[in-house]
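Before any comments, here is the structure.
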């Protein structure tokens, strides 16, 4: 069974949900970059202090800093891991592959959670978050298309990509993912 996994998909496609479900049934480490950054800040580590300072200025955390945090968590692996929310662009994907090669934990499969845009927008609006207006959601989807969608071809070229129809119920999606891990 594959044990070094990545979930890719638009905001609201269900990456975090599916990664967490899989983590619970496999004991694989679920590495969400957002949660990793928050954890570093909460623990007041040197990296966390840098991240907090950057975020307080309203800036994006650099690729290098995110990669450092991801790397230190991957090194802890002894069972398996699931990456969610990283990489977000081709540069990050190249850097991640270099790190995974260095620590001898190559990526084994990338699950692309594919979902129609209108279903995605409806799903995000139903979440009821204050910042989830139709306008902000469409902006996030547009940014995703420009920066993250090229990763689909990147991982397809590496023969790592598995398409998952994310416009179904949680159990069916989860079952599909587990079958493709075998």
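Glycine is no exception: its Cβ is also placed from the backbone N, Cα and C atoms.
The Cβ of residue 127 (ATP binding site) has 9 neighbouring Cβ atoms from other residues within 10 Å, across all protein chains displayed. Taken from Swiss-Prot, the feature ATP binding site covers 12, 13, 14, 15, 16, 17, 127, 168.
The Cβ of residue 33 (AMP binding site) has 20 neighbouring Cβ atoms from other residues within 10 Å, across all protein chains displayed. As annotated by Swiss-Prot, AMP binding site applies to 33, 38, 59, 60, 61, 85, 86, 87, 88, 92, 129, 140, with the evidence given as sequence analysis.
Within the same chain, residues 16, 19, 68-70, 73, 83-86 sit at least 6 positions outside the region 'NMP' (32-61) and bring their C-beta atoms closer than 8 Å to a C-beta of that stretch. Annotation comment: Swiss-Prot describes 32-61 as region 'NMP', evidence class sequence analysis.
Sequence-distant contacts of the region 'LID' (126-132), counting only residues of its own chain at least 6 positions beyond either end whose CB sits under 8 Å from a CB of the stretch, comprise 12. As annotated by Swiss-Prot, region 'LID' applies to 126-132, with the evidence given as sequence analysis.
In this structure the alpha carbons, written CA, of residue 13 (ATP binding site) and residue 86 (AMP binding site) are 14 Å apart.
Across the residues the record lists as binding ATP (12, 13, 14, 15, 16, 17, 127, 168), the two Cα atoms farthest apart are 17 Å from each other. Fewest other C-beta atoms within 10 angstroms, among the binding-site residues 12, 14, 16, are seen around 16.
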